[in-house]
């Protein structure tokens, strides 16, 4: 069956329509709805968004937005999506050691998902918390001023939840 917004996402979509004077402005929030439904943004979902928004929005527009922004997952991710900032300020604060520690603990490399689909680790560009590095975003929550010890404690706590 072809993708359609979930009931909740459809309701949210209907509330978004009057808030945006330009149809193209709907692309970003619609991509978030798609990602909330499926866990990632795929071709089928992007086509659905283009069709739902309608002219002048095309699949090319939706694809361009989805691939420009790093906040949209282009492939399925684990239940816990660990994004560690690798930008200069976080790197100078030691983000490389955080990435190495997390990957070592989980037995995967950055960009991979554990076999049990519980964890995905990615090194990303700036998360916008440059004064508090190293920073990681795990799903929708930020963790700042990380050390190998603090990320170890965070992972141990999160492992109990998945």
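Just so you know, glycine gets a Cβ as well, placed from its N, Cα and C.
The following features are taken from TrEMBL:
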BINDING   85, 90, 126, 130  [2Fe-2S] cluster binding site
Review point. For residue 85 ([2Fe-2S] cluster binding site), what is the tally of other C-beta atoms lying within 10 angstroms of its C-beta?
Key: 29
Exercise for review: Based on DSSP, name the secondary structure state of residue 85 ([2Fe-2S] cluster binding site): helix, strand or coil.
Suggested key: strand
Exercise for review: Other Cβ atoms within 10 Å is the metric here; tell me which of the binding-site residues 90, 126, 130 scores highest.
Suggested key: 90
Check your understanding: For [2Fe-2S] cluster, what surrounds 85, 90, 126, 130 with a Cβ no more than 8 Å from their Cβ centroid?
Key -> 86, 87, 88, 89, 95, 125, 127, 128, 129, 133, 134, 135
